[in-house]
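Undergrad: Checked Swiss-Prot, it gives:
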COILED    151-233  coiled coil
COMPBIAS  1-10  compositional bias 'Basic residues'
COMPBIAS  153-174  compositional bias 'Basic and acidic residues'
COMPBIAS  175-185  compositional bias 'Basic residues'
COMPBIAS  186-198  compositional bias 'Basic and acidic residues'
COMPBIAS  199-212  compositional bias 'Basic residues'
COMPBIAS  213-227  compositional bias 'Basic and acidic residues'
COMPBIAS  323-335  compositional bias 'Acidic residues'
COMPBIAS  336-345  compositional bias 'Basic and acidic residues'
COMPBIAS  351-360  compositional bias 'Low complexity'
COMPBIAS  444-487  compositional bias 'Basic and acidic residues'
COMPBIAS  526-549  compositional bias 'Basic and acidic residues'
COMPBIAS  555-565  compositional bias 'Basic residues'
REGION    1-34  region 'Disordered'
REGION    153-253  region 'Disordered'
REGION    323-577  region 'Disordered'
């Protein structure tokens, strides 16, 4: 019975061994006669020590309490009693080694390699805890979930790259197909167009018969006009004589006006500003309402203006438009035809001009700008009349007793506006007029005694570029010849008649288009300038593009690229030093940190996840604060039992993990006995700062956990060490402490020194 009772008693003790209270180093059977307790074989008390109670107190050195306490504290840190143990090297006894040898396994080859492979070294650093400094090694603990997530992300990126590559290849293929299709369609369109052109049959031209019909029709018209002009005026014959010449379209060419005429016009305008009577007279003459006496008086003003010197200030010569043939015929041929026709068609019944017409002839081509009141301007189309139009206008003026119709005010407004741009247009306009200037014979000058010689500067500039002008004009003639239609002679004659009638109707519309003419002339000048500039630039080489008065093209701004900053060797070394390995990049967030003491490499501990981490200024040092629960053994037993109850009725996927469960929120949990610890980690490279900072729980979660411990538990009170002992009453304790220090010193001495001591 005694044996059974003994067995039951031992079994009961084993079952209750897990729930035994921890003494936390307090020695059993302390001597109540002494004023202190023995904790870890060191004299401690809750109250401050009272050394005056000793009869024969020993010194601090002889008592050996201070040095023993430092040694005990360092051993406590190295054993990691405040950290959670993760891995420890296992030692096998002789029986286990013999069994492994029988199985053919070398016991020395078995090391906890599987556990070691799960830990990847991060760096070496220093830990400062209390008065101690420990060199430690930091490790990253491998996590299967992190590895799986990394591999999935890597595969997803790889799939995205493949999809993107396929899309790019497909886009390239489609682009190539579209390009080939466009090319094919273009070729088909060209082939169809060629076939259509081949199918077209060109109508054969009958130049001799058509021209004969046209000449016959024009000759009949000319005879009719000559008969009508014989009764009214001899000037009418010019229209019929030039009708043969006016076969083809005319184009306007700008030429400079005579210098004396421009000076006279400017002086007249200047006099009209100061003399109101002259201004009114100019308005009457321009409107065709002046009498013969007023015209005679106006002639005196003209003579006076001619005698005056040029006005002071800067002014530039004006240009006038002269119509020339647009086809390959030269002006010389046109003038010869006019002269021959005039000699043939002159009749003895030519009537002399009246005095009013003679006066109008002398005053014609004088263009003045009187100071008109608003709303009384004479409108014009901004285009000076040609030679035939001016002759026709003179004849109609004589019939209507209105001698002067060519004083066009809107034309003068145009000339004032064009003075600004004439300098730049001069070179291009001269380029267009060079052919007509060279081919005009002396007979034309005899036929037109009223025309004055051109300006000397204009003639010189025209003489500089004969070859270029001829090349340009020949190209234009070719274009005009290619643009001729293949219509019949009747349609050609009708178009000529229509063009002549449109030219005459233009003069009649001058009085109703004053404001529009000013704007249109401005636009026309600018467009003409652009056309002439493009023609000159296309014909000339790049070096000869700039001419007198022509504005140079704006210089293209040069694009500058910023130079990439050249990195020094130090910066390159810093960049290399800041680079992380692939494994370290995986665990840049949520890593589990493990460390080992260099003094005790057989054991590795986990850094507590419920810690508050603070990075210091140097970015290589950190303050780590956490709470140590001294009765964590009792709390751990309660946690495992409680999790079993909670997960019993749940699926495996819904099980609560230990790291997600806070036992201190349960009222049945044992009250924690805790103390706070703060340590310092130094010497951690900057590149690992993200890994270190993100390896702990968020600060809000840690604060809630610590608050639950502080609210439920009680802080462990500190003990006060007695650094002095009594020589007689504490003789054995002091001797034991001194012997322990002596033995600890012997471990640092060599074998030779040990033999000498022995």
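Placement of Cβ uses the backbone N, Cα and C atoms for every residue, glycine included.
Not measured: the values here are computed from a predicted model.
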Undergrad: Would you kindly list the residues that approach the compositional bias 'Basic and acidic residues' (186-198) from elsewhere in its chain, counting only those six or more residues past its ends and only Cβ-Cβ distances under 8 Å?
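TA: Those are none; the list is empty.
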Undergrad: Give the residue counts of the compositional bias 'Basic residues' (175-185) per reduced DSSP state, in the order helix, strand, coil.
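TA: Here the numbers are 11 helix, 0 strand, 0 coil.
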Undergrad: Mean pLDDT, the coiled coil (151-233)?
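TA: Mean pLDDT for the coiled coil (151-233): 82.
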Undergrad: When DSSP states are grouped into helix, strand and coil, how many residues of the compositional bias 'Basic and acidic residues' (186-198) land in each?
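TA: Output for the compositional bias 'Basic and acidic residues' (186-198) reads 13 helix, 0 strand, 0 coil.
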Undergrad: Under DSSP, the compositional bias 'Basic and acidic residues' (153-174) has how many residues in helix, strand and coil?
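TA: The counts are 22 helix, 0 strand, 0 coil.
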